[in-house]
Amino acid sequence: MIASYLPKYGAVLTLFVLSVGALDTFIAAVYEHAVILPNRTETPVPKEEALLLMNKNIDVLEKAVKLAARQGAHIIVTPEDGIYGWVFTRETIYPYLEDIPHPEVNWIPCKDPQRFGYTPVQERLSCLAKDNSIYVVANIGDKKPCNASDTNCPPDGHYQYNTNVVFDSEGKLVARYHKQNLFMGEDQFNKPTESEVVTFDTPFGRFGMFTCFDILFHDPAVTLVEDFHVDTIVFPTAWMNVLPHLSAIEFHSAWAMGMGVNFLASNIHYPPKKMTGSGIYAPDSPRAFHYDMKTQEGKLLLSQLDSHPYHPVLVNWTAYASGIEALSTGSQEFKSIVFFDEFTFLELRGVAGNYTVCQNDLCCHLSYKMSEKRSDEVYALGAFDGLHTVEGTYHLQICTLLKCKTMGLHTCGDSVETASTRFDMFSLSGTFGTQYVFPEVLLSEIQLAPGEFQVSSDGCLFSLKPLSGPVLTVTLFGRLYEKDQASNISSDLMAQTLRAHPYIPDNVSQINSDNILKERRRAHYFCKRLIVPTGRRQ
């Protein structure tokens, strides 16, 4: 077994131990947890009260762990913030934190709980893993003392980290990861001074892990796949769904496919903040997923995965589209907002057709055929090539076929959850300036389409058969990581505006689109070539 903690700009320490009894397949489990929240988070509570709440949540997680183990699961992933919730200040979260040692100390908390001080949560998680012979992935808070000799030391004399931990089937702490990319509002935690890349080896493959917002950035997510060749990602998250392109099951399954790895995503279940969507995703197709905005119940998912999934050849994401001659669209183009970004759109006017729309360096090409052209629904082809600056700064290139919320074109890009129009076929491609493109297909009622689409080696996303449900969106979501810092555009004003909102707006109409634009301004053809499952590694 390997536990590796690899600061991007620091010393590297890797412990290699020969693993035995290697498995070709394994059973993965993820649990979407309806977290029990504290009654108050405005003032610090006694440590005893904090532990009482955490034990209530672990009681629920224990049932899921035992059930998963009885069904043969080798590993279970639980959510970010799943043990104590998320609405804290730096001071009020402190009673919930424990000092989590580096796994190189070779520690089984269940057998030696006092070795590193008072660590009841780590003890209990360790015993859950040991007693049920299963790997347990959990998210808790770490605290680390520091002093004035450390120029980065916070005024209160300690660091606080959003932390994933992994206990193996013997209860041993084998991995610890401090979240690198904190989401806005996570002021209770510190960002690590060095980027961590954390892997752990098991009899069923090499694993890497990161947390929630990390998935949108190069480090550590892409580094784990490209440089450390992990087979599977474990992903605790507290994900707030944002349609049309960033719902949990939609984007997480697309990332697994785009990067060519297994992906185990465990989300919080809290519908009032649009938090739902967990899944077990293989590179070729989702294996199990769950999206539920109607009930208040948690959900356990299990599925078998290959320990070392096939990693196909690199997709050339611009080759196919570069061979297509763009058609003149003239005055037919229109602008509309998708999650605070101004897209260029074309309305799909017929039951079938070929369309091209461009923005900056990106041209998107669509060929499609609907089962019928309904008079009560509007679909559009959109392109965006630019820097997203709200709740994070990251450069995107996106080609998207989507349903507009109403018959009004200004609603193209608003949140939509239901549709009636079915597509017999589609093919979508773009002149992407990046190799990091994630293919999304989302159907009505927020459902995925396993086995119903494919990506060609020259970068065309296409349907394999008529889709099983009406379409919400078909999207190629591209990331240009190297351009994230290329602009000095400030998102401070918009970030301050959004801090007043308890969750990300599910459509832009909740905040006046014209004002957003003013502030922002201030500061076809079907694929017939070689078909391969998409993925990054060779």
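Quick reminder: no glycine exception, Cβ is built from N, Cα and C everywhere.
TrEMBL annotations: computationally assigned, not manually curated.
Feature annotation from TrEMBL assigns active site, proton acceptor to Glu80.
Other C-beta atoms found within 10 angstroms of the C-beta of Lys179 (active site, proton donor) number 26, with every protein chain shown included. What TrEMBL records for Lys179 is active site, proton donor.
Long-range Cβ neighbours of Cys212 (active site, nucleophile) (same chain, at least 6 residues apart, Cβ-Cβ under 8 Å): Glu80, Lys179, Phe183, Phe235, Pro236, Thr237, Ala238, Trp239. The active site, nucleophile annotation in TrEMBL covers Cys212.
Across all of the domain 'CN hydrolase' (31-307), the predicted model scores a mean pLDDT of 97. Here TrEMBL flags 31-307 as domain 'CN hydrolase'.
Summarising the environment of Glu80 (active site, proton acceptor), the number of other Cβ atoms within 10 Å of its Cβ, over all protein chains shown, is 26.
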